[in-house]
Amino acid sequence: MSYGKFVVRHPWLMLFVSVFMVLLAAYGVKNLYFSSDYRVFFGPDNPQLAAQDELERTYTKMDTVSFVLKPDNGDVYNKRILGLVFDLTEKAWHIPYAIRVDSLTNYQHTRAQEDDMIVEDLVEDPDSLDSEQLDLIRRVSQSEPTLINRLISADGKTTQLIITVETPNTDESTLKKVVSQVRKMADEVRAANPDIHVALSGNVIMSITFAEAAQHDMATLFPLMYGLLALTILLFLRSFYGMLCTMTLVFLSVAAAIGLAGYIGWGMNGVSANSFVVILTISVADCIHLLMTYFGELGKGVDRKKATIESLRINMQPVFLTSLTTVIGFLSLNFNDSPPFREFGNIAAFGVIAAWFLSITMLPALMTILPMKARGHKQYNDSFMSSYVEWVMRHKKIILIASVFVVATSAAMLPRLIYNDKFVEFFSSDIAFRKDTDFLMDNLTGTYTLEFSVPSGEDGGIANPAYLNKLEEFANWLRTQPEVRHVFSFTDVMKRLSQNLNGDRPEYYRLPDSRPLAAQYLLLYEMSLPVGLDLNNQIDVGKSATRLTAILDNINTGAMKDLKYRSEDWLRDNAPPEMQPSGATSVNLIFAFLTKRTFDSMFWGTGIAFLLISACLVVALRNVKLGIVSLVPNIMPVIVAFGLWAVLSGELGMFAASVTATALGLIVDCTVHFLSKYQRGKREKNLHAEDAIRYAFSMVGKALWVSSLVLIIGFSSLMLSDFTMNSRMGSLTAMIIAMALIIDFLLLPVILLYVDKKKENANV
């Protein structure tokens, strides 16, 4: 007994077993959670992340919130604005997990008073400020390197509070305690001061935005796509039951994939959350082929059981093969260096497997049970496809020449592509974090930094004049670099202390010339600082190293890595061996290197996927020649799409590293279905090449462009994602699928004509 006959004889059993197994898998959804930590993008062996962690262990944590204020009119040097900054500073200390608050008002201003050094808040009582005191605050803030372009803008119109937090973990609930309090403060300021622009930035806000963007995508994109695809299927199948079967299968496939992810313990993030939309799209494509053949058989007057058996007979192999190649493509993402992309690939693979399982169990059972009817659109379909095939055959030379030209031109564009990932631009311009961070960069300071931990080689060595002078040389060199906006160095503190302890005379704004003197200055200053505003963010516990921060312009990842290498080269060429740091680090630098790491890792992943998919095609088609021919329409779409992307965008990010492997598994679908029908025409119908092509188009032509259209719509919907990595991945993948459809409909039949026609002529 064939499998198809077994299904139609026991449809209720197949329905029960398939749904039960899927619901069992879906039960794991109870373990699902959203990850709000940007660190999920980095593997545990990421060297840049290790350097970042080491820096945070040596100094204070780098988890911060930036609370930015800019009045619409005037500057911040007035009682009202400074009073607001003062009040916000006091409130910020009560934010959960806050360990430090830096602002213009609590800046520890040092000054000389006879033989003493006075250390006090720059603003102690904002209500009592007079014009002379306001002028002093202006002079100090505009001349102090640790304030200008960090806490106050050069024009004095924008200021910020930097709130450092140390959370016990990075769970979404923990970060929400911080962010909800900060947002409440911001809302209160906006309500009471409509003329003041308030912006929130920092990596704590960024982390929670990752989770919020993922949740928003799931809440909007999935229902939108579900409804859109339901309408598309209803339009093309013209069958309510056909649409209902398909959307039920789709929903269960997504549920099974989510449940399996929950069992494993994966958290959803901005990348993996959109695997749901991908599963939804691919699941529909499986159903289309089975249902189109089924309705075609019904149109011939065959009953539902026989139509189901024939649909399974014709489509079982190609549906299995296309599912297998798609799974291979997604599983190849396990080579990706970034965990979210690995999870995305695995969840999508789970969904594809579930969709395949349901399409050969639940779907044929429903096709047997439900009273579906043919809708009589076969004649128009055959007429159109017949005319189209004749047109292709008449213009095969032009099509071949044009295809070669397009591919060659596209390949010539590829060198224009550059790597570039900016973590701020991971979010669409509609997201509050993106808008606020752009505002911060435009009005006050950069969010891209390079951090150096510069050792002295011994405990207490940071007081050594030789160390301080070389550190000052390095800071001054950095200030001359075109990418650098501001440099924050420990030497600025020491020069200020030297001036203060010498009667505030300008000529003493220089580094101490003896080690005991420098150590004395530092000890006196540290003893005068209040709790929470010490120097632990600049010097280590043993006073053997200091932290130097370069704030950068809005530069691309290539320029950032170039500056890192130039900085390390300068230290290697100009500083003694004991002053060589382990390397520059920062959150944005980790992302900059991650892009290259993902491309390097996916080079092998894509190569292995390509070889495995090629082997599957050769084995399944049982024809080496056809297997090789099938590779052409599967490689060319990638080249053409990336060439077009080079013209339209010119930039590649992490998203592009996974696109090729993912798309390769998808675009094989068209080729497999077309070639399987082409082979069936030659073997079962004894047709020549031209007639076999006509037969293939009549059997599967409409199903191919409908299923491809569904894939294009599905991946294009990702362009609506708040996470630009997903929107770009979706648009590039949709572009590749569109190119694959065009090439399969134009070039593949032409290649078959030339290859098989030549063989037939030789046989004759």
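Glycine residues also receive a Cβ, built from the backbone N, Cα and C atoms like all the rest.
As given in TrEMBL:
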- 247-369: domain 'SSD' (DOMAIN)
- 12-29: transmembrane segment (TRANSMEM)
- 218-237: transmembrane segment (TRANSMEM)
- 244-264: transmembrane segment (TRANSMEM)
- 276-295: transmembrane segment (TRANSMEM)
- 316-335: transmembrane segment (TRANSMEM)
- 347-370: transmembrane segment (TRANSMEM)
- 398-419: transmembrane segment (TRANSMEM)
- 602-621: transmembrane segment (TRANSMEM)
- 628-648: transmembrane segment (TRANSMEM)
- 654-675: transmembrane segment (TRANSMEM)
- 695-720: transmembrane segment (TRANSMEM)
- 732-755: transmembrane segment (TRANSMEM)
Mean pLDDT for the domain 'SSD' (247-369), as a whole number?
89
Other parts of the chain folded back onto the transmembrane segment (316-335), taken as Cβ under 8 Å at six or more residues beyond its ends
3-4, 282, 285-286, 289-290, 341-342, 344-346, 348-349, 352-353, 355-356, 359-360, 601-602, 604-606, 608-609, 612-613, 616-617, 620, 658, 661-666, 668-669, 672-673, 676
Segment-segment contact (the transmembrane segment (218-237); the transmembrane segment (347-370)) at 3 or more Cβ pairs under 8 Å:
no
Might you confirm whether the transmembrane segment (654-675) is in contact with the transmembrane segment (602-621), defined here as three or more C-beta pairs under 8 A between residues 6 or more apart in sequence?
yes
Contact set, same chain, for the transmembrane segment (628-648): CB under 8 Å, 6 or more residues outside the stretch:
403, 406-407, 409-414, 416-417, 613-614, 617-618, 621, 656, 660, 663-664, 667-668, 670-672, 675, 732, 735-737, 739-740, 743-744, 747-748, 751-752, 755
Short question: most Cβ pairs under 8 Å with the transmembrane segment (695-720), which of 12-29, 276-295, 347-370, 398-419, 654-675?
276-295
For the domain 'SSD' (247-369), residues assigned helix / strand / coil by DSSP
107 helix, 1 strand, 15 coil
For the transmembrane segment (12-29), sequence-distant contacts whose Cβ falls under 8 Å of one of its Cβ atoms, 6 or more beyond its ends:
252-253, 255-256, 258-264, 354, 357-358, 361-362, 364-366, 369
